[in-house]
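Below is one structure, written out as structure tokens; comments come after it.
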Amino acid sequence: MVSKPLFFLLLLAVALVVFQTVSLANADDSEPLSSSRKPLVKIVKGKKLCDKGWECKGWSQYCCNHTISDFFETYQFENLFSKRNSPVAHAVGFWDYRSFITAAAEYQPLGFGTTGEKLLGMKEVAAFLGHVGSKTSCGYGVATGGPLAWGLCYNKEMSPDQLYCDDYYKLTYPCTSGVSYHGRGALPVYWNYNYGQTGEALKVDLLSHPEYLENNATLAFQAAIWRWMTPPKKHLPSAHDVFVGKWKPTKNDTAAKRSPGFGATINVLYGDQICNSGFDNDEMNNMVSHYLYYLDLIGVGREEAGPHETLSCADQEPFSSSSSAPPSSGSSS
């Protein structure tokens, strides 16, 4: 017969084993987000393969190289979006670092934040988030922390004045009865055809359930990164291409004053809604200001932004005209 003291010691030992087992099983979910995880490494047929868990899933050579979490960490995300969880913000508790990195991990093998050297990766992340911050900001001139500290304040348009249903696409992207296709997400998606195309790319039924973009931060970031990485039309570059130098301007582009840089990303994403309207366009200048501000906060410095003429699209002819365009105010109205 086992004595009571020995029985309790055995019980304690069993409890410790169970605790350690559960801890190991949940290690991936509980790991700190403050710094990049050291990759697991193995050699297969002479090739070095790595796995960084949620930051870079699966055994691959790619995960051994620099990924976004190596140069963009939690504290930098918090600095860029320092007011997003303020009581007066409109998406408190929604946006977070892990959701961004999880979404980015799907596109890093395609070059998002990983094209070229580390500096270019940092600049691309700042450029992409500059657009995101500008489109989701509720900052204004005398706002606490300054008008540029309020990115990711929204995750949807607050007071839509229409359903954004275009019947021209009723055969390809028919509107779901009673559903509104107003702006949602990190780069707000508008109109049934845009929800349909984005949903097809992400393999999610956004045409029937556009609200998914305001319910899932990872999906909202994925939709935005997909738009950044995808040409808006055939024979046009993506915002990623014009920023990292994959796009080479033709003689026609040069004549239209289109050149690689942040200004060209505005042109790809918004075309004639914003571009070729002079240097006094407030929405364009707001995007540029966010990009420069984020370059400073991310540790690159705005002096790396390039010459002034490439920062905006003030005198660039649009890549294309836009039809059924979203309102210029983005998702903050």
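Placement of Cβ uses the backbone N, Cα and C atoms for every residue, glycine included.
Automated prediction, rather than curation, is the source of TrEMBL annotations.
Positions annotated as disulfide bond by TrEMBL: CYS165-CYS175 (among others). Under a cutoff of 8 A between CB atoms, and with a sequence separation of 6+ in the same chain, the neighbours of CYS175 (disulfide bond) are LEU163, CYS165, ASP167, TYR181, ASN192, LEU207.
Positions annotated as disulfide bond by TrEMBL: CYS275-CYS313 (among others). Using a 10 Å Cβ-Cβ cutoff, CYS275 (disulfide bond) registers 27 neighbours.
As annotated by TrEMBL, domain 'Glycoside hydrolase family 19 catalytic' applies to 76-303.
According to TrEMBL, the region 'Disordered' annotation covers 307-333.
Under the heading signal peptide, TrEMBL lists 1-27.
Just so you know, the Cβ of CYS165 (disulfide bond) picks up 19 other Cβ atoms within 10 Å once every protein chain is counted. The 10 Å shell around the Cβ of CYS313 (disulfide bond) contains 31 further Cβ atoms across the protein chains shown. Mean model confidence for the domain 'Glycoside hydrolase family 19 catalytic' (76-303) is a pLDDT of 96.
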